[in-house]
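J.: Following this message is one structure expressed as structure tokens.
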Amino acid sequence: MKLLFPIFASLMLQYQVNTEFIGLRRCLMGLGRCRDHCNVDEKEIQKCKMKKCCVGPKVVKLIKNYLQYGTPNVLNEDVQEMLKPAKNSSAVIQRKHILSVLPQIKSTSFFANTNFVIIPNATPMNSATISTMTPGQITYTATSTKSNTKESRDSATASPPPAPPPPNILPTPSLELEEAEEQ
């Protein structure tokens, strides 16, 4: 659920997508409805051509909770302050502020705190990636280029094979009995 929720929320925050199912117009990725007037408990989020995109209180709460608790490192301080429960504030001012900040939220990446290494003037290489998966253990990944693979093949044929390990002789009950009989 944690992995799907950022995708779900980012889709909800994208521009309006009109879908029609049996003549019923929907907006906000199917979570809102296009109507002339919103009900008392609903909020107007976007415009559906000539109508209003109305969203119920559960969807509004879902979006606010995700923005408040799910993505604190992505949002700037202005948005975080706006999402905190405010007293004596007008819902119209908050809605206008949310709509003005949405393009900024959309432009920020969910991977803003991830470190990426960018190498300028890098030459493309053919590479093979090998990963081993063992349940309950750490996964190790080895990457080798085509030239490294060729060198390792040549060096493997030039070097002698490794010596076999010494045989481990474990005392067995039958051997102990035979030694005892001989004495």
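Heads up, the Cβ atoms here are built off N, Cα and C, so glycines get one too.
Here's the feature list from Swiss-Prot:
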type	residues	note
COMPBIAS	159-170	compositional bias 'Pro residues'
DISULFID	Cys27-Cys53	disulfide bond
DISULFID	Cys34-Cys48	disulfide bond
DISULFID	Cys38-Cys54	disulfide bond
REGION	141-183	region 'Disordered'
SIGNAL	1-19	signal peptide
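What does the local environment look like for each feature on the list?
T.: Neighbour density for Cys53 (disulfide bond): within 10 A of its CB lie 23 other CB atoms from the protein chains shown.
Of all the Cβ atoms in the protein chains shown, 21 others lie within 10 Å of the Cβ of Cys34 (disulfide bond).
Cβ environment of Cys38 (disulfide bond): Glu44, Lys52, Cys54 lie under 8 Å away, each six or more residues apart in the same chain.
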J.: Is Cys38 (disulfide bond) helix, strand or coil when read with DSSP?
T.: coil
J.: State the count of C-beta atoms found within 10 angstroms of the C-beta of Cys27 (disulfide bond), not counting that atom itself.
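T.: Excluding its own Cβ, the number within 10 Å is 24.
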J.: Quick one: Cα separation, Cys34 (disulfide bond) versus Cys53 (disulfide bond), in Å?
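T.: Here the two Cα atoms lie 5 Å apart.
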J.: Given the disulfide-bonded residues Cys48, Cys54, which one's Cβ is surrounded by the fewest other Cβ atoms within 10 Å?
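T.: Looking at the disulfide-bonded residues Cys48, Cys54, the Cβ with the fewest others within 10 Å is that of Cys48.
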